[in-house]
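Feature list (source: TrEMBL):
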- A:15-369: domain 'tRNA-guanine(15) transglycosylase-like' (DOMAIN)
- A:D93: active site, proton acceptor (ACT_SITE)
- A:D93, A:S94, A:G95, A:G96, A:F97, A:D147, A:Q192, A:G219: substrate binding site (BINDING)
- A:250-256: region 'RNA binding' (REGION)
- A:D269: active site, nucleophile (ACT_SITE)
- A:274-278: region 'RNA binding' (REGION)
Number of protein chains: 2
Amino acid sequence: MTEPFSLSVNATDGAARTGVIKTPRGEIRTPAFMPVGTAGTVKAMLPEHVRATGADIVLGNTYHLMLRPTAERVAKLGGLHQFMNWSRPILTDSGGFQVMSLSKLRKLTEDGVSFQSHIDGSRHMLTPERSIEIQCLLGSDIQMQLDECPAIPIEHDKARESMLLSARWAERSKRAFEELSKPGQALFGIVQGANYEDLRRESLDKLIEIDFPGYSIGGLAVGEGREEMFRVLDFTCPHMPADKPRYLMGVGKPADIVGAVARGVDMFDCVAPTRSGRHGQAWTKTGAINIKNAIFAEDPEPLDPESDCPASRDYSKAYLHHLFKAGEYLGPMLLTWHNLQYYQDLMSGLREAIASARLAAYIENFKSETGETLV
Amino acid sequence: MTEPFSLSVNATDGAARTGVIKTPRGEIRTPAFMPVGTAGTVKAMLPEHVRATGADIVLGNTYHLMLRPTAERVAKLGGLHQFMNWSRPILTDSGGFQVMSLSKLRKLTEDGVSFQSHIDGSRHMLTPERSIEIQCLLGSDIQMQLDECPAIPIEHDKARESMLLSARWAERSKRAFEELSKPGQALFGIVQGANYEDLRRESLDKLIEIDFPGYSIGGLAVGEGREEMFRVLDFTCPHMPADKPRYLMGVGKPADIVGAVARGVDMFDCVAPTRSGRHGQAWTKTGAINIKNAIFAEDPEPLDPESDCPASRDYSKAYLHHLFKAGEYLGPMLLTWHNLQYYQDLMSGLREAIASARLAAYIENFKSETGETLV
């Protein structure tokens, strides 16, 4: 019998792998990109269009949802899937990262983190147990342990202290999850340790001892740069269990994803395609462009005439330029949609390349077409 | 042989009529509601969803488009239909009404109106001839003569002076249209005369003498109130040619439309469903609601569970409430879509009621369900 939550690796190419994560709410093809639906909506997108781009799973943010509309209200309304009209898998973060980046008057203790809402100033406490309780109220399929996510650079002793706190929180998270979760839901442990090889190994060893159905790599994409991030992946990924999903949190730009997939990462999330789309940036096969640039004012070509995505195919760059100049809703709507399609096309291209053992050629082509440098 | 632009009235019920306007770009079922696509987009809507609600035609605003991206640029890019990805009929106004309401430093002369753009302060001149030139560059299927549209109340002699200017502009518009238009395009004359019966008759007589394929009723919904508007329709509509479309410009709320259809009007446009949708107001079968109201915070019911429209059917009021509270794009997107569906359902209900000679019963039902009073 198959586990209710399990990864099947179907093919490998070097360190890269492609496969399927099976969950009761549907399969997740890996490597997978998860669009970010912060407050119960992938911004400016209809859920049916998110799905149409090829997304198998979306992400929800515990911090935002616990404050508004609150996890209790979402639970009362049937859970996050029903609330946001998305029946497939949902991953939620623990809330910890955004407490540290968005809230006010934070205080971190062994117990957890107390903070003041950025919305209305109300006081809250997030502990490993409360984070799991919230994620179970939301009903997410893949949940994250509460962790502390320090910026890089950080001194070794401070990084170790923080990593050890996250490891203790991992254990508390697992106990809470065992009590509150339903069959088929999964809790991931989060590898911390900044950019220190010994700390990443120590963190990973502790998490493997606790035993999780998947492992996240946290604390990257926090300003360390692409080269340094890849260096951390180079000494971390090879030690991660081969039969469990590996999720690189908050990453990234297309070139980040391509490089991380080559190093064995299975799952990604990032606000880049949606946030950039709302601000007029579009990824194309030949690199990123800003549609507000005057050179597009009379450009009759669509962003991608060969795409099946209406947003990429049915509107000229001149029209998109006009929509952004005029401040029309449709501009962010179409560019977000296009960018999410670009990301999903990138993922399916990577999956096919790995399955046919031609990832190196795929990456060379990506580099030459986009002009991106991958270390 | 059928005219390239023609109205066939298929049934009447009292003064009300239902039929089809045939144009080279497709049929327009009447009574028709035309969603407003001011700057080349029905705000917050994909064109395929505008069509899916049942809209046969949309409206574009000459004033906005002449300023940005300019009519010349739209023409260079293949015309407004191609620009905005809408292949069916488009009606454009003359620009006159919005010059008077939006622009700065207006100066009205016999020749036309000079003004300063509200966007960048640039100076422009709109004459009857230039308005037609712009509308032909946009390539709209139904065009409007330039007119002056005074507010009500207005003194009789001032109203007559203004109406006579509009009549002279009607003649100049027609000459320009004959020179610049393509087969199948139509120019409507606009009946003015404020709320004076003799002036409305005099205006109509002059327009009929010039001869247009359709007649608009202008200068209403400018603050005179529903009862007074209906009174003007009562003494104007019976004298309008029965074989030509009658278009009541800028109207209106659902109850305005129901009352005007009963008086023999065929075509309507209004920003109400789109603008209200962006601000959280939704029309429902039992009247208008504001989704931001706290009573909807935990309401699990959708706006209309029996609708075929995803926006009306697939999201709870609690979710829509949350989207507006959180300032998410999806709130205006879904409420606009829902409202446009409500309007098109209203129009198809009116068409069916007229076709089966039960309009009076339809109106009684509308009044009792919505609580609206129709004079």
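Placement of Cβ uses the backbone N, Cα and C atoms for every residue, glycine included.
The average pLDDT the prediction assigns to the domain 'tRNA-guanine(15) transglycosylase-like' (A:15-369) is 97.
A count of other CB atoms within 10 A of each Cβ picks out A:G219 as the most crowded of the binding-site residues A:G95, A:G96, A:G219. When the recorded positions A:D93, A:D147, A:D269 are scored by other C-beta atoms within 10 Å, A:D93 scores highest. Using a 10 Å radius centred on the Cβ of A:Q192 (substrate binding site) and all shown protein chains, the other Cβ atoms total 31.
Summary for the binding-site residues A:S94, A:F97: the Cβ-based neighbour count within 10 Å is maximal at A:S94. Spacing of A:D269 (active site, nucleophile) relative to A:D93 (active site, proton acceptor) is 11 Å (Cα to Cα, whole number). Across the region 'RNA binding' (A:274-278), DSSP classifies residues as 5 helix, 0 strand, 0 coil.
According to DSSP, the residue listed as 'active site, nucleophile' is assigned to a strand segment.
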